[in-house]
Each structure stands twice: as C-alpha cells, then as structure tokens.
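S.K.: Take a look at the following structure, please.
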Amino acid sequence: MTIKLIVGLANPGAEYAATRHNAGAWYVDLLADRHRAPLREESKFFGYTSRINLAGEDVRLLVPTTFMNLSGKAVAAMATFYRINPDEILVAHDELDLPPGVAKFKLGGGHGGHNGLKDIISKLGNNPNFHRLRVGIGHPGDKNKVVGFVLGKPPASEQKLIDDAVDEAARCTEIWLKDGLTKATNRLHAFKAQ
C-alpha cells in the first residue's frame, strides 16, 4: 500500500494563506520546497500541483484553488485522471480536536464537520476511506467561535508549534513510504512540539 496523491486543504488567495484553515496546505508547501518541486497552477485539476519522488515512489501534490467546501472537485479530478484509488490518497487538513504542536495520521472515518473533508468524501462517491493527516490547530472553546477561529491567524507562539508538527509530519510521511505506516504513525503520534 502506497500513497500516490497528497492533498493540502486550503482556501485560495493571499488573505487566507496564513489562516489556521490552511494548515494542510502548509504541509504540502513544505514537501514541495524540500523536494525542490514548485507547485504550479493546473486548471484541469482546479489547483496547484507538483510531482515528487518520496522514498522511491512517484507522488503527486495538490493544493486546491477551489474554496474549502469545494475541495472534492480538485481531488476527484486528479484521482480520476491518474487512476488513483481513495486509499492511495493522503489529505492534510486543520484539526480543531488536536492542540497546536500535534499531528496524527488516520485512515477513513467521518468528516467531523470539516467542509473540505465532507466534499472530498462526497466527490469520491461517498467513499471516506482515504488517509488523513490531521494537523492540530486547537479549539476556541465555543462552537459559535469556530468559523472566526479557523479563518484567523494563529499567534506566533502557536504558529511555531504548528510549523514544528508539520515539519515532523513531513519526515514521518517519508518514513511511511520507506518503512511502513505503523512505524510512521508510532513516531508521529509520540511527537508533541514544545
């Protein structure tokens, strides 16, 4: 079992680039930078794409340029074109239920109210069985404040924790493709940025 497509969820445009909701895209941006494979806009995939070699595997990167709640359009377009199955897709997204500094891998499950995940599940034929990288951003403590929170920028101290977790997740993704998901998961799930 391998990963052929890594997706970083985001809202498009400079005004959203530094917001918590774009944490998934920060991870894909980091992978692209590390592998000197700049993301380029490809309209047929409704996003920015690139290709990298990860532990000997050919992996495509995607950051949709649709708004978050239409992310599935981009993911389905690329998965269909390259004949990539849902269980060969890793979707990185911001996670309210994890604190900043923590990231976790997960296979399948619901969307937990995340509109990007909701649309991807729908556009993959109601198939939730893709991998996720949950990037912790914390929770504002009141569900009525969630929208403003995810569309806000984290303070510098939280940003550093999120960046450190994203950095560790990128390392663990390479471990996954080289040594298997169990080893990668054990390492990532033991990590907490200080």
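For all residues, glycine too, the Cβ spot is worked out from N, Cα and C.
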S.K.: Of the candidates ASN53, ASN85, ASN115, which one does Swiss-Prot list alongside TYR16, PHE67, ASN69 as binding tRNA?
M.R.: ASN115
S.K.: Quick check: in three-state DSSP terms, what is ASN11 (site 'Discriminates between blocked and unblocked aminoacyl-tRNA')?
M.R.: coil
S.K.: Taking the Cβ of ASN115 (tRNA binding site) as reference, which residues of that chain separated by at least 6 in sequence fall under 8 Å from it?
M.R.: MET68, ASN69
S.K.: How many Å separate the Cα atoms of HIS21 (active site, proton acceptor) and ASN11 (site 'Discriminates between blocked and unblocked aminoacyl-tRNA')?
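M.R.: Spelling it out, the Cα of HIS21 (active site, proton acceptor) and the Cα of ASN11 (site 'Discriminates between blocked and unblocked aminoacyl-tRNA') are 7 Å apart.
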